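Now, the feature entries from TrEMBL:
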TRANSMEM  B:29-51  transmembrane segment
TRANSMEM  B:58-77  transmembrane segment
BINDING   B:Gly69, B:Thr72  Na(+) binding site
TRANSMEM  B:93-115  transmembrane segment
Number of protein chains: 2
Amino acid sequence: MMNFLLVAVGGFFGAILRAVISKRLNHTYRFVHFGTFAVNMLGSFTLGILVNMHLHTTANLILCIGFLGAFTTFSTFKLESLTLVHAKQWKQFLLYSILTYSVGLSFAFAGFWMAKVYLS
Amino acid sequence: MMNFLLVAVGGFFGAILRAVISKRLNHTYRFVHFGTFAVNMLGSFTLGILVNMHLHTTANLILCIGFLGAFTTFSTFKLESLTLVHAKQWKQFLLYSILTYSVGLSFAFAGFWMAKVYLS
């Protein structure tokens, strides 16, 4: 029970920060979903780092599962992709899908690698 | 300020429910990340429905941006994918990536379409 509460507290703050960044960055540039893209990349990079830091269970529940789990989002990304399909913006759709997928994995790897090299 | 608080309350409960489902389903079947997959699909489907229900702003902030944003996760999905690459489990990695991407979009579309047909 206590564990789920720690996750929830992390989720509380992760969701706020996501909303703040998304509101600031979405619809600001030509890449209209840049806010969602940015939180997903930043979150993957940070989780890559934290995984290699072998955190205490409490910190892991708050930061990795709660905060970063809620800071990044999959459903919004999919709905935004669907909206691009709906508007027949195929180029934006493909770019958003491919970039999110490949850059997301690269950012997770970069964080993981940096923490392995510089922190251990 | 109030808006961000609504998002955070949704995030609090979304993160808990994700943790409960992931804990129950991850590492239970041969598809080891089935829990994360399930929350991402379920969240995309539900968001597809809710988007078509034209919710009041308060409900939208709590449910769509807060709850479903935090219920689904991108960073965990990327880290799990990276772990599969690290373990050279290429088949699992490809399957997890392709399924999450294609089924996620299909589920978002299915929810969107169902709400459009049956609720409007």
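Any Cβ shown, glycine's included, is placed from N, Cα and C.
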Exercise. For the binding-site residues B:Gly69, B:Thr72, which one has its C-beta crowded by the most other C-beta atoms within 10 angstroms?
Worked result: B:Gly69
Exercise. What kind of secondary structure is B:Thr72 (Na(+) binding site) part of, going by DSSP in three states?
Worked result: coil
